[in-house]
Amino acid sequence: MLSFTINTVVFPIQVPVPARWRWRRVCASATAENRLAWAQQSACRDRDRELEVAVKAVQMACGLCQRVQEALLLPAGQNSSLKTSKDDQSPVTVADWAVQATVSWVLSQCFGEEHTSIIAEEDESELSSAESTPLLDLVVSSVNRCLREAPSYGLPGPDKELRRNEIVELIGRCNSRGGPKGRFWVLDPVDGTLGFVRGDQYAIALALIEDGEVILGVLGCPNYPMKKEWLNYHQRYYRIVSKLSPPAFGSWHKGCVLYARKGGGQAWMQPLLDASQSLDLEKSARVIQVSSVSDPASATFCEPVEKANSSHLFTAGLAHSVGVRKQPLRVYSMVKYAAVARGHAEIFMKFARAGYKEKVWDHAAGVVIIQEAGGVVTDARGSPLDFSKGIYLEGLDRGIIACSGALLHRRIIEAVDASWDSSNL
Ligand SMILES: Nc1ncnc2c1ncn2[C@@H]1O[C@H](COP(=O)(O)OS(=O)(=O)O)[C@@H](OP(=O)(O)O)[C@H]1O
Ligand SMILES: [Mg+2]
């Protein structure tokens, strides 16, 4: 493992770092109790470092995605090599592979390759054929450009540019299958790919699972708008507005990175960090909290944009029966989790068609962030989501419900119970 100096950006996370003398005392008189305290403190320090590295890696990945999305929005013909389709016809872009390679590199450097198991969405097979060479070359230049900026984010950078085969290897290394024991990073390099290619909302999601529990989550939302009302509009409207009145740099005009550590009792938000400017992250990070609205009549619920991903008909029925009156907020990606965690929506519901198995990378980071921001996330029978069964949320009953508070959550679960049998889902 390479050694490096982390540029000290202090995160406002309460970290019980023991003073040196306490360490010596603990080590000298190593009773069982002290050893336990020592182990707990050391685990705590490790987790702070993991969270810090994860936040910085996601910040950096946000910059990468912004560049690719801008290029994707160029007139047709100038961007054709930036995206392709997977076997299931869903889109995949240079950003998916480049983020995966970049995060894989950063985590391996910071924590050692042998200690870094990553579960991630993309595999490298589609990049391996000869006809993928132009695409791979774009991935390679995107990763190297991003990693050149790593020191500005307080992360190690490579001594020399990574080569094609190294980048394919970094992507392929993210092939862990998870499971009930052990530690696994979970990465969705570009969640909401459809939103991404349409110039709209998307997210970069990184979480760490330990023995089946999500212990930290980071969610980068580069297009999160300045005003919550703008979540409703598709990004082209946002782009017009921001061209008419360009926001000052460093303002919270657009984009954020949310993060939380399980049991920390708080969730945080930073603005996007621009590698060319130094932002005082300690000052700019803020605590986020879910909304205090518990009256369904004032609540907003969000759901996937595509009917194919969640039944709009069923959620409309549920919303109506609990007394939600506002129109649904349809937003691509885990930005929906971010909206609930930031208090901009009270409910998120997803009811995929029967037979579809939800993947851990589409939920892990969002779940822990909402929970630490004060919200509740379960399946539609009220059971916690189970991250211990590998890459799928096995045993997930019916759908996913995230709410800002227990009261709204209970009412929706009751409504699901009452209407499930007649739902055809
Ligand atoms: N059929 C079906 N049903 C349910 N969910 C599916 C389905 N197919 C895919 N997916 C997963 O949903 C992720 C996108 O979810 P979104 O909430 O962003 O959906 S939407 O685009 O707003 O409709 C999407 O994540 P990304 O692939 O990262 O975009 C998929 O993992
Ligand atoms: Mg996804």
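For all residues, glycine too, the Cβ spot is worked out from N, Cα and C.
Asp362 is the residue from Asp274, Asp295, Asp362 that TrEMBL records in the Mg(2+) site together with Glu121, Asp188, Asp191. Proximity of Asp188 (Mg(2+) binding site) to non-local residues of its own chain (separation of 6 or more, Cβ distance below 8 Å) is seen for Ala120, Glu121, Ala203, Ile204, Ala205, Met334, Trp361, Asp362, Ala365, given in sequence order. For the Mg(2+) site, the Cβ centre of Glu121, Asp188, Asp191, Asp362 serves as reference, and the other residues of the chain with Cβ at most 8 Å from it are Leu187, Pro189, Val190, Ala203, Ala205, Met334, Lys359, Trp361. Glu121 (Mg(2+) binding site) carries neither a helix nor a strand DSSP state and counts as coil. Classification of Asp362 (Mg(2+) binding site) by DSSP places it within a helix.
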